[in-house]
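Listed in TrEMBL for this protein:
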- 223-245: compositional bias 'Low complexity' (COMPBIAS)
- 524-533: compositional bias 'Basic and acidic residues' (COMPBIAS)
- 1-510: domain 'Major facilitator superfamily (MFS) profile' (DOMAIN)
- 220-253: region 'Disordered' (REGION)
- 524-551: region 'Disordered' (REGION)
- 20-40: transmembrane segment (TRANSMEM)
- 52-73: transmembrane segment (TRANSMEM)
- 79-100: transmembrane segment (TRANSMEM)
- 112-137: transmembrane segment (TRANSMEM)
- 152-171: transmembrane segment (TRANSMEM)
- 311-332: transmembrane segment (TRANSMEM)
- 352-375: transmembrane segment (TRANSMEM)
- 387-406: transmembrane segment (TRANSMEM)
- 483-505: transmembrane segment (TRANSMEM)
Amino acid sequence: MLGFVYYSHNHNAVPADIDLGIKISASLGTFFGQIGFGYLADKLGRKRMYGVELLIIIVATFGQSLSGDSFALSLPAGIMLWRFILGVGIGGDYPLSAVITSEFATTHRRGAMMAAVFAMQGFGYLTTGMVAILLLLCFRTMIEQDPRNLDVVWRCLIGLGCVPAFVAVYFRMTIPETPRYVLDVENNLIQAERDVAMVLNKTRNALQSDWDVIDDRQTQRENNNNSNNNSNNNNNNNNNNNNNNAHGLDLSGTPTSVGVGRTTLELPSASSAAAYYSSSHDAHKLPSGISHAATLRGFFRYFSRWETFKVLMGTSMTWFALDVAFYGIGLNNTYILSTIHFGNVDGDAYHTMWNATVGQVIIVLLGAIPGYWVTVFTIERLGRIKIQVIGFIMSCALFCALGFAYEPIRNYSPVLFVFLFAMTQFFQNFGPNATTFIIPGEVFPTRYRSTGHGISAGMGKLGAIVAQIGFSSMKDRGGKNKFIPQLLQIFALFMFIGLLFTYFVPETKGKTLEELCGEEDYAERRLDREQQQQRRPFRNALYDEKEEEDL
């Protein structure tokens with residue numbers, strides 16, 4: 001649209017350097033947003049950052065829609081600036097959305113929930129295309145009279161993106177902090193219990209706001225256990241223990257064995273926690289010996305070991321390899337579609353935009369949306385790694401077919417070409433595009449989970465930047481769009497590279513977050529070393545999946 005409005009003197013095409021700058025500015029901002037917000041979410045909390053990045057998105061989107069030419073700042077420069085800021089906000093959304101979902105979800109539904117969150121992108125793409133079609137229909141007469149009226153269309157299209165974001169602001173501002181972060185990093189058991197109760201929409205009678213009240217219950221239970229030894233009283237004690245467990249807090253004197261259907265979080269007993277604190281301490285918080293607070297020194301120490309570094313390398317490089325192809329194709333669909341006469345119509349602004357928009361919608365409907373939702377419905381049965389391997393293999397094969405048989409397929413059947421192209425979208429979304437988002441939100445410890453996800457996603461955006469620079473500089477070698485077949489072959493190579501790095505990524509299906517990253521062992525080692533003489537044995541706080549099913 002910008003080409004018809006501002007570059008009619010350049011055959012209605014945006015100059016290559018400006019086109020590249022507009023495209024990579026958002027990816028560059030996204031890279032910094034993913035790294036920066038990933039770290040801040042571990043340092044300051046998920047809830048606090050979740051609202052900030054959305055406000056950045058709203059401001060940048062609105063600002064971009066109002067960009068104009070001036071003596072001091074050209075229109076392209078203004079758009080690039082706002083898109084960079086927009087990218088920072090979007091980048092923050094990657095680690096935060098993934099980590100918040102994973103830390104609230106149950107073990108056996110975590111993958112499906114995270115995939116469903118990610119799959120909403122597909123509806124976003126579709127909605128954007130449908131709104132663009134509607135705007136083109138509304139302004140058709142004006143566009144046919146003067147193509148510069150497309151200026152109204154692109155500004156409305158971008159500005160309307162603020163509407164769903166405004167709706168989401170309320171929910172992000174009112175969402176509680178994730179219980180795992182409150183418990184593992186802030187060490188606040190009471191607040192974690194409250195947050196869980198809030199999410200479950202329940203009032204837990206056993207939850208008290210004062211450790212002294214809980215300690216009274218502990219004392220009473222210990223007295224009962226000492227004075228009553230007959231079987232009837234033992235049965236009553238067991239029933240009481242079960243009631244306490246249902247409220248997420250075990251006040252008995254012995255540890256509780258937790259089944260597969262539950263997530264176990266190791267906590268100190270209430271009486272020992274209260275006794276540990278003097279009047280200068282917050283009685284609602286656990287002793288600092290169990291603290292998992294995020295520090296840069298601790299981060300580098302944790303990932304200095306091969307067994308942890310290889311996981312970060314695996315999640316980062318698979319995302320990098322994917323995004324080289326995903327964004328290399330995704331941001332240049334118009335070039336692909338134009339080769340089968342589904343693009344530019346010389347001198348006709350309306351039909352050129354119509355073809356490009358309808359072509360995008362077709363690709364989304366045939367490939368992207370089905371791929372996203374097949375992942376949602378199969379990920380807990382197939383597992384993350386199997387889906388990722390299938391996606392990389394099929395994408396590699398399809399890119400090879402399109403790259404090495406580009407001209408024969410295009411000349412024989414444009415419909416077949418579009419179908420195969422849509423299938424690359426399907427197997428990227430039913431494959432690594434979904435799993436590279438999900439897995440980094442599961443495999444790292446709570447104190448570094450958001451940072452690890454941000455680094456992995458940031459590597460993906462570096463891949464997107466590489467793809468954009470490479471595609472723009474190479475596509476016209478030998479003539480206009482003549483090098484596209486070779487670029488598709490290069491994308492196939494990166495799919496194979498992603499397949500190789502999948503070897504370093506662990507399967508996460510059916511495993512708790514604590515089990516995946518060894519947080520339980522880590523906590524026990526620290527407590528044995530630092531608090532052995534000051535702490536009583538651990539007790540189990542149970543976060544029951546059955547209660548989560550009420551959501």
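Every residue gets a Cβ built from N, Cα and C, even glycine.
TrEMBL entries are annotated by machine, without manual review.
In terms of C-beta pairs under 8 Å, the stretch of 52-73, 79-100, 152-171, 311-332, 387-406 lying closest in packing to the transmembrane segment (20-40) is 79-100.
Contact between the transmembrane segment (483-505) and the transmembrane segment (152-171) does not hold: fewer than three of their C-beta pairs are under 8 Å, each pair 6 or more apart in sequence.
Of the Cβ pairs linking the transmembrane segment (152-171) with the transmembrane segment (52-73) and spaced 6 or more residues apart, 3 or more are under 8 Å, so the two regions touch.
Per-residue confidence over the domain 'Major facilitator superfamily (MFS) profile' (1-510) averages out at a pLDDT of 80.
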